[in-house]
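Take a look at the structure below.
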There are 2 protein chains.
Amino acid sequence: MALKINSAIAVCGGKLLKLSHFSSCTGTDMDVNLYLPKQYYTSIDDSKLIPSVLYLSGLTCTPQNASEKAFWQIQADKFGFAVIFPDTSPRGDGVATDPEGSWDFGLGAGFYVNATEQPYSSHYKMYDYVHKELPEVLAEEFGSKVDFFKNISITGHSMGGFGALSGYLKNINRYKSCSAFAPIVNPSAVPWGQKAFTGYLGSSNKEAWDGYDPTKLIKHVENLNGNKILIHVGSNDPFLEKHLRPHLLQEAAKGTFWEGKIEVNFEDGFDHSYYFISTFVPQHAEFHAKHLGLI
Amino acid sequence: MALKINSAIAVCGGKLLKLSHFSSCTGTDMDVNLYLPKQYYTSIDDSKLIPSVLYLSGLTCTPQNASEKAFWQIQADKFGFAVIFPDTSPRGDGVATDPEGSWDFGLGAGFYVNATEQPYSSHYKMYDYVHKELPEVLAEEFGSKVDFFKNISITGHSMGGFGALSGYLKNINRYKSCSAFAPIVNPSAVPWGQKAFTGYLGSSNKEAWDGYDPTKLIKHVENLNGNKILIHVGSNDPFLEKHLRPHLLQEAAKGTFWEGKIEVNFEDGFDHSYYFISTFVPQHAEFHAKHLGLI
């Protein structure tokens, strides 16, 4: 569990920490980046913890991609929250990956679920890792000034957008708000999700699939505080029709506590890249800042 | 010369165009990125051309690095200027590189000079390329709305910071303003510069070396409009003492028109990365916007 600070890089008014630690969930060393905003270094009010935003990256990413390209830092400084950038899968010797070597399953594609099928169940416990172990590990080092448990919001991109939606609905009393960039919303019904769920959860385990699928979860989770879920997706996203299909979440919400609360913004001309993400990070930052009590 | 638009990516309020064209200077195809701000797409005042900022990247970079990580786009939209991201050297079959395969000479390390020494003189004509041919090529396609000749400023990072200082001082009536991020200011006196100048210009051609060295040029160039040159450098930059040494430009400016006009900001804790660049891009953008008549 001991956290190693590999580097502390000055960015904007704060620091990006490149961290690593042994994870008992995954049985591997895990990399994670943490942006501590300027308020971490300058605040004189120690009685108020700095809230945090958990950002889950998409297929193939490491903690570096979003740290370098999504440009959360200036927003984190503006509002005063920390940003957590976990890795997208366990890595290292002995970690199984797709036997076909594809980029949409296995290494870099953990889908934020707890695998039940061999050989993946040995290490691919990304659900427990990001929602349970990681906050404990970070709090051990930074918990006296940053809140990783109670005043925290969740967001992510693509596979990580799925991870955010799924993790939010499964922990509705935990996260203050949820947003997503170009998320997979109905993994059970689209190729990326079906491949991942088949590999990690087994082809016939419908209960396990439903237990992670936002379009199923949303029917059983009350939305007591009336929060909306904020989604942006680009109209030129090449994965929109085949893998993302965000309208399916809106349809699933009909007749539930969430009807009318799934805000999907189609953005004309935008694609699936970090150019898209970085453009709309300011809106998502403001959304979360409101729910975190920062504005 | 014909410009090929390989893609037009929506970013912030404008578009990042990934372009390529055959260069008669370098005798190769060249990649270049161009960010056209929202004003390009929305302005109804066609009588006023959109100014531009030429950003010269550092060692090893392609046009992609700064496009993805420096985050000029939001600033370009804010003030209303285009940003040009050229490549750092010719590339392709037949382009000589460092026989030792290092990353600080040859491919990705053209140093924005016109090589006179074989085998580099066949293709390494980056000075003529960025200051003469490239604006002509871009103007052919976008010149009716963007000013690439008269209302243009120049900036860059590291090797590109040298390129910006050198190109500015050699074209004092061309560029409206110059800034640099962690620049090499006295290439004749530091290892990176000495290696490049020896390879491209010959070891004994002092006149050619002086003709590109900002600490020499500054003694012969009048600063008629009284503009300062804006420089930022990180106190934790690992190249500061060996390769950058920005105080040498301030010292060289003593007794010249430029005395007191070289503003070097040492930024505590910052390194040489895009995290450093992106943090200070807003200040450089505002500096250039003033000189481009945008504020």
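Glycine is treated like the rest: Cβ placed from N, Cα and C.
What TrEMBL records for A:SER158, A:ASP237, A:HIS272 is active site, charge relay system.
A:HIS272 (active site, charge relay system) and A:SER158 (active site, charge relay system) have their C-alpha atoms 8 Å apart, to the nearest angstrom.
Around the Cβ of A:SER158 (active site, charge relay system), 26 further Cβ atoms fall within 10 Å across all displayed protein chains. Under DSSP, A:HIS272 (active site, charge relay system) is assigned to coil, being neither helix nor strand in the three-state scheme. A:SER158 (active site, charge relay system) sits 11 Å from A:ASP237 (active site, charge relay system), taking the C-alpha atoms as the reference points. The Cβ of A:ASP237 (active site, charge relay system) lies under 8 Å from the Cβ of A:ALA182, A:LEU244, A:PHE270, A:ASP271, A:HIS272, A:PHE276, each on the same chain and at least six residues away in sequence.
There are 21 other Cβ atoms within 10 Å of the Cβ belonging to A:HIS272 (active site, charge relay system).
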